[in-house]
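Colleague: Let me give you the structure first, and then I'll get to my questions.
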Amino acid sequence: MDTLFRLVSLQAASEQQQQQQQSASYNSRSTTSSGSRSSSHQTNASYSYYHHSSNSGGGGGGGGGYYYGGQQPPPSQYYYLEPYQEECGNAPHHQLYMDEDFSSSSSSRHFHHGARVQQQQPPASSTPTGTAPTPPLSTSSTAAGAGHGLFEAADLSFPPDLNLDFSSPASSSGGGTASSGAVGGGGGGRWASQLLLECARSVAARDSQRVQQLMWMLNELASPYGDVEQKLASYFLQGLFARLTASGPRTLRTLAAASDRNTSFDSTRRTALRFQELSPWSSFGHVAANGAILESFLEVAAAASSETQRFHILDLSNTFCTQWPTLLEALATRSADETPHLSITTVVSAAPSAPTAAVQRVMREIGQRMEKFARLMGVPFRFRAVHHSGDLAELDLDALDLREGGATTALAVNCVNSLRGVVPGRARRRDAFAASLRRLDPRVVTVVEEEADLVASDPDASSATEEGGDTEAAFLKVFGEGLRFFSAYMDSLEESFPKTSNERLALERGAGRAIVDLVSCPASESMERRETAASWARRMRSAGFSPVAFSEDVADDVRSLLRRYREGWSMREAGTDDSAAGAGVFLAWKEQPLVWASAWRP
């Protein structure tokens with residue numbers, strides 16, 4: 001059984017006999033485990049500790065931590081938590097799954113389900129100091145002074161108020177809206193959604209006894225190598241635990257460092273190309289945006305004199321330039337006299353704490369290959385990569401010299417899954433960033449964003465603050481919508497990729513990092529706060545832009561693209577019942593809109 005954490009007793013040796021008796025009782029009740037996997041490797045990370053006080057007085061109380069009042073709990077007992085372990089059926093991890101979540105370590109231990117729990121004394125430095133205190137996981141059923149470090153079998157019994165359905169597989173089309181999912185639970189067969197939402201409610205209510213019970217259940221059922229429900233349980237459970245222990249930013253840095261260590265140009269290229277080959281998730285926005293950019297440039301060329309046109313694209317995206325070869329091919333079909341000079345400035349954004357060495361290596365290789373491809377196509381071309389750390393709103397657009405001293409004939413701004421890199425807050429930073437794009441006076445701005453309402457409050461409200469995103473109500477709203485969105489994403493990967501695939505694993509781990517960011521990091525630090533098309537459309541209109549409808553030729557290109565993929569994908573026009581009416585098109589999976597593409601002009 002894959003597990004996110006293993007709970008290990010930290011009792012004194014004198015209590016060993018009592019622990020073994022309780023462990024035997026626990027094992028007799030734990031007959032529903034799906035079994036242990038035959039291949040695993042150990043991992044390294046800082047061990048976290050659950051505080052357990054036998055005198056705490058109930059599940060609703062509690063001391064410090066992210067939700068528990070900010071007071072340090074009294075030192076009595078701690079459970080240490082083993083870091084995330086990589087397992088992959090019977091395949092060697094170095095053969096099938098290349099990248100790891102953590103590097104190997106000989107200090108971690110793997111305890112199989114049903115084995116006797118090894119007792120250890122915590123080191124002198126085990127009590128957290130200088131960091132946010134960890135939440136107590138107290139149980140009212142534990143007698144004062146009993147002092148055991150294992151869950152009681154009675155405490156871990158199946159909650160009688162939960163009616164879970166394991167009979168049918170998850171379907172992303174049946175999840176309902178974010179609000180209904182967050183309040184009413186999942187549909188038939190969506191056991192992960194039901195358990196995770198109930199666990200999130202318990203976290204928000206500070207019911208530590210029920211949190212402990214539900215986390216144990218999720219831990220037994222979760223696996224990053226199982227079906228969609230097991231993967232959702234695994235990644236969201238990791239995020240919930242990081243939130244409870246106030247270790248979200250640290251966990252995210254560790255995951256990002258592991259990804260950076262195992263990232264190369266070849267692995268990035270394979271993942272991007274395989275994703276485009278099997279799913280239209282990214283290529284949908286590329287085709288729509290390229291069509292709008294090309295048509296706007298050709299309009300400028302037709303109205304200008306015979307002198308050589310110089311076009312410049314400011315590329316604010318995270319797609320590693322996979323969008324641009326088709327645009328270069330389209331420009332190459334023109335006669336030699338009409339072929340314009342094209343410059344692309346790509347801004348590569350990353351969180352302040354994220355490692356960037358691997359991304360810089362990849363972008364250098366991409367730049368060289370882009371320039372070589374442009375020479376083969378006969379298109380005069382210049383490529384520049386700008387690495388930016390932190391909030392995208394802090395990027396100095398004027399310093400990029402996009403007009404090249406006045407030589408640029410037309411400027412286009414391409415925003416693909418990048419606007420969410422501007423952290424929403426009381427200063428209306430996203431509104432201000434849209435206004436800064438308007439000051440560039442571009443010929444066209446293309447916006448491609450994933451369709452999810454992951455901001456904690458109305459981003460346009462004057463009372464919206466960074467702190468407002470960390471209330472219990474805001475957490476539940478974002479958690480429910482995030483569960484809906486990532487459930488649909490995982491479902492599309494499940495039905496598009498083969499069961500064993502390095503590229504699929506890399507994409508799922510990227511989603512896992514996004515889930516940890518969303519669930520465990522403060523709203524003021526999260527880089528995953530997506531918004532809906534209606535919100536982006538209101539913002540673009542307020543900044544002085546007007547929507548540009550995609551031409552019939554571009555729409556035909558998008559439909560032709562979708563016919564290359566399996567059934568379930570479709571294109572939908574923007575509805576007429578909201579402010580996004582007439583602005584862009586949606587990519588839908590099983591009738592659920594997931595990606596929005598649009599074009600705008602000043």
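Just so you know, glycine gets a Cβ as well, placed from its N, Cα and C.
Computed from a predicted structure; not experimentally measured.
Relevant sequence annotations retrieved from Swiss-Prot are reproduced here:
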COMPBIAS  12-55  compositional bias 'Low complexity'
COMPBIAS  56-68  compositional bias 'Gly residues'
COMPBIAS  122-145  compositional bias 'Low complexity'
COMPBIAS  173-185  compositional bias 'Gly residues'
DOMAIN    183-601  domain 'GRAS'
REGION    12-69  region 'Disordered'
REGION    101-145  region 'Disordered'
REGION    165-185  region 'Disordered'
REGION    190-253  region 'Leucine repeat I (LRI)'
REGION    272-349  region 'VHIID'
REGION    365-401  region 'Leucine repeat II (LRII)'
REGION    411-517  region 'PFYRE'
REGION    520-601  region 'SAW'
MOTIF     311-315  motif 'VHIID'
Colleague: Please figure out which one of 190-253, 272-349, 365-401 racks up the most CB pairs under 8 Å against the region 'SAW' (520-601).
Modeller: 272-349
Colleague: If you count Cβ pairs under 8 Å, which stretch among 272-349, 365-401, 411-517 touches the region 'Leucine repeat I (LRI)' (190-253) the most?
Modeller: 411-517
Colleague: Could you tell me the mean pLDDT the prediction assigns to the region 'Leucine repeat I (LRI)' (190-253)?
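Modeller: The answer is 92, the mean pLDDT of the model over that range.
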Colleague: Sort the residues of the region 'VHIID' (272-349) into helix, strand and coil with DSSP and give the three counts.
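Modeller: Helix, strand and coil residues of the region 'VHIID' (272-349) number 37 helix, 17 strand, 24 coil.
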Colleague: So how many of the residues in the region 'PFYRE' (411-517) end up helix, strand or coil by DSSP?
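Modeller: DSSP composition of the region 'PFYRE' (411-517): 59 helix, 13 strand, 35 coil.
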Colleague: Using DSSP, tally how many residues of the region 'Leucine repeat I (LRI)' (190-253) sit in helix, strand and coil.
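Modeller: Helix/strand/coil tally for the region 'Leucine repeat I (LRI)' (190-253): 52 helix, 0 strand, 12 coil.
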Colleague: With DSSP as the yardstick, break the region 'Leucine repeat II (LRII)' (365-401) down into helix, strand and coil residue counts.
Modeller: 20 helix, 9 strand, 8 coil
Colleague: Quick check on the region 'SAW' (520-601): DSSP residue counts for helix, strand, coil, in that order please.
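Modeller: Split into helix, strand and coil, the region 'SAW' (520-601) gives 22 helix, 23 strand, 37 coil.
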